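What TrEMBL says about this protein:
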- 14-76: region 'Disordered' (REGION)
- 24-33: compositional bias 'Low complexity' (COMPBIAS)
- 39-49: compositional bias 'Polar residues' (COMPBIAS)
- 66-76: compositional bias 'Low complexity' (COMPBIAS)
- 123-171: domain 'TM2' (DOMAIN)
- 129-146: transmembrane segment (TRANSMEM)
- 152-171: transmembrane segment (TRANSMEM)
- 200-241: domain 'TM2' (DOMAIN)
- 200-217: transmembrane segment (TRANSMEM)
- 223-243: transmembrane segment (TRANSMEM)
- 260-308: domain 'TM2' (DOMAIN)
- 290-315: transmembrane segment (TRANSMEM)
- 335-376: domain 'TM2' (DOMAIN)
- 335-352: transmembrane segment (TRANSMEM)
- 358-377: transmembrane segment (TRANSMEM)
- 441-478: region 'Disordered' (REGION)
- 441-455: compositional bias 'Polar residues' (COMPBIAS)
Amino acid sequence: MSVCQYRILARMSTEKETLQRRSQPVPGGQQAPPAQPPSGFTPNPQGANPNGHLQPPLHGANLPSQPQNLPQGGYQQQPQYIYPQVPQYVLPQNPSLSQQPPTGYIRYNLNHPVMFCPTPAPKKSILEAYLLLIVLGLFGGHHFYLRRPVWGILYFFSFGLLGAGWLIDIFRLPVLVSRCNNDASQQNPNLAMKKHLDDAYVLWFPGGFLGLHHFYLNNIGLGVLYLFTFGLFGVGWLIDACLMPYHVKKANSNIPDCIEKSAAATCILAVSPAGLLGAHHYYLNRIGFGLLYTFSFGIFGVGYIVDWCRFPILLKRYNRSKEIGHTSHKHLDDAYLLWFPLGFLGFHHFYLNRPVWGLLYMFTFGLLGIGWLIDLCRMWKLVENCNKEIDERVHLTRNNRSVANPNYIPGQYYGNVPTTTVGGHVSVSYGQFGPCPPGYSNPNPEIYPTQQNGYGSVPGMNDQPPPYEAASIPTKGH
């Protein structure tokens, strides 16, 4: 046996004698309390392993110095030390239980998260739907059953759309049941937002005068207009009978209204009596013509009739201006429209940026009608000259922005180029590298030339052109 084992046996025997001594009765009739083991230590004389050897202490335990020779007549009691016991692993009796977690614990598999699949909604029956349609169809019972609460509320307060919607639902109820079951099985939220042609026509027939079909198709502006004008006095309601497929396709598309205007809406506003007030011009952001139509009652009805034929041109012109940017060009059809009823007052001259001629026509009643007749033949030339002046102004504006650096090369930094203006002349450098920024010296005069008399010279280059003379922007006063 090793020295450690001898020491452990001796300590155990010493503790046993101490416990026996303390358990003896004390004189006086009182019994001493039993000895308590040290904190954190439980004597376990029987804690031997199956091989019959005592368990060795933990590695690194703080043991006392080992004696060279064991005492023969007893061993002096040494200070007690605490030896924590190592828990023993016990194999389970049933091998199948080794793969299961212990009782009272929940195992979470972090590598494979749990997928919660929604429970599919139960399918609807055609028989039950027809039963609700016959009994409670006028109050929207079948729509509530088919998960269409908005339609159910509408039927409830309108008595089945005055009976017309209830009558139409008798023939289209199988389609509604099939659509409800398909939406529930696919679990696609976009299907609930899709608009259907049959629903739009059901709302159009009894409630189209109040704009219900436009509210359903998210055309809020037209819906409000129909609500207060009773379907644009019935004209817009009749037009929608032919344009309903286009309305539905537009509602299901992803084209925002702020980028492209609707041809159907433009047609309805232009042909309906609202066109007399310029509703289609307001819709196409032609505010000036809209106000003119409002105060002149569609330019005395002539412009209102002409717009029946030219509203596709106005729509195409607006959409094109949104694609390429806003343009201020004038158009011949607008000029002629202003010339015929209001040309004696010079409205076409005001439109073509000729305010002096406009005032002259206004106070002379179109130069006693002579100028008004001459403008009929030369209108195309007036429009062409006006557009040329507009293009020149745009071109000069762009040149004035880049006059500080006319030799601009994309991707090359020029810094802040100083410019001086003397007598209307702008002195700039035509060199390849440009001058140094203000406040900095030129480190390489042979590479970066300096300005001399407003010119920049680069070795190996010919004489440079003269300074750029900024032309004054002409003003049209005739």
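Any Cβ shown, glycine's included, is placed from N, Cα and C.
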Stretch in 152-171, 200-217, 223-243 most in contact with the transmembrane segment (129-146), if contact is a CB pair under 8 A: 152-171
Candidates 200-217, 290-315, 335-352, 358-377; stretch with most C-beta pairs under 8 Å toward the transmembrane segment (152-171): 200-217
Counts of helix, strand and coil residues, the domain 'TM2' (260-308), according to DSSP: 40 helix, 0 strand, 9 coil
Residue numbers, six or more beyond the limits of the transmembrane segment (223-243), whose CB comes under 8 Å of its CB atoms: 204, 208-215, 264, 267-269, 271-274, 279
